[in-house]
Amino acid sequence: MKISLFGYGKTTRAIAENLVDKFGSFDIYDDHFVETKKDTLGNLLLNPNDFDNNLSDIEIPSPGFPPKHKLIQKAKNLQSEYDFFYDIMPKSVWISGTNGKTTTTQMATHLLSHIGAVMGGNVGTPLAELNPYEKLWILETSSFTLHYTHKAKPEIYALLPISPDHLSWHGSFDNYVQDKLSVLKRMNECDVTILPKIYANTPTKAHIISYKDEKDLAAKFSIDMEKISFKSPFLLDAIMALAIEKILLDTLSYELLNSFVMEKNKLEEIKDSQNRLWVNDTKATNESAVMAALNRYKDKKIHLIIGGDDKGVDLSNLFDFMKGFDIELYAIGISTEKMLDYAKKANLKAYKCEVLSKAVNEISNHLRVNEVALLSPACASLDQFNSYAERGKVFKECVNKI
């Protein structure tokens, strides 16, 4: 069997490295490969122009591989890593949505690790590196993965709220939503899906539990919100994790949940040498994540760093939302001029900074002790950084130099 891998990313590298003994060498295609070479395992590294769909039995793309790429268009036997590993996949919980996927996945794993739950997918470990003999896989599942998945399904599908994101990749918000909901048509009567009430009528054989907001979801599972130490925007994530535990074990482990430690880069608070508050929310790459961050600090004047790769999303609603805050903006990245234009139309004060270090220095000239400086950019980072994590790291380094 000849397996072709599209893109030389974390997912496809894990497949090539972990399954070479079972399948022999793989053909790996990536735009960065100019000439044909072999890696240390004997896999062929090929330019996409060399792909012959008549010589390939299965094609597996990296999750974020563009659907309009010529390799995708030529593929005859395309499947996601979820489909590829479905036959050996144990019982699984898939967690998706626009914001909160990672936190909910981590919280649910924290609650269920004692029964043999392991975490993977879009966060942490690729499926090729997960142990199929574990009792439960909890998978953070992106819209990219769902787009390419046509066979696999979970026993529990937990869907957090959906808002516009990755529109340049999906083509439209409707396409994005449909990819998020696509798994429902493969689920059966023994499966459960938790999803926002707006999607409650989506055709599926699964048992649907819909919710309007945190309070509604908590009520559906008899969860006492007063016993949860996490506040918005992480409250819904915590309730969803408890709901998953309730379905599987019929228990609610509040104390264990409250012992969970949040990861970096999500509303990560730091103080500078003058005891002023700076918040690293670099992972906020869409408008709903930024809105959640703004609501968290609504009682303070906010100095917001915004901009980067906007992924083709119209952010007009976000800037209209900002009108209700005491806020000044600091525009960075490839979308600097676009951010300034949004700000002008919304009558919001904005500074042209272009790069993160300049934005931090500009804020430092204005920031008072009772105010907050917030990096919550509403955009991806790849225009100027290797990842959102690197952007957060640079932000903290700049703050520490003040």
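Note: Cβ is positioned from N, Cα and C throughout, glycine not excepted.
Copied over from Swiss-Prot:
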BINDING   GLY97, THR98, ASN99, GLY100, LYS101, THR102, THR103  ATP binding site
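Taking the features listed in Swiss-Prot, we show where each one sits on the structure.
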residue : record           : Cβ contacts under 8 Å, 6 or more apart
GLY97   : ATP binding site : THR104, ALA158, LEU159, LEU160, PRO161, ILE162, LYS180
THR98   : ATP binding site : LEU160, PRO161, ILE162, SER163, PRO164, ASP165, ASN286, SER288, ALA289
ASN99   : ATP binding site : LEU160, PRO161, SER163, PRO233, ALA284, ASN286, SER288, ALA289, ALA292
GLY100  : ATP binding site : LEU160, PRO233, PHE234, LEU236, ASP237, MET240
LYS101  : ATP binding site : ILE95, ASN122, VAL123, GLU140, THR141, SER142, LEU160
THR102  : ATP binding site : ASN122, VAL123, GLU140, GLU263, LYS266, LYS283
THR103  : ATP binding site : PHE234, ASP237, MET262, GLU263, LYS266
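The ATP site, placed at the center of the C-beta atoms of GLY97, THR98, ASN99, GLY100, LYS101, THR102, THR103, has further neighbours from the same chain whose C-beta lies within 8 angstroms: ILE95, THR104, LEU160, ASP237. DSSP assigns LYS101 (ATP binding site) to a helical segment in the three-state reduction.
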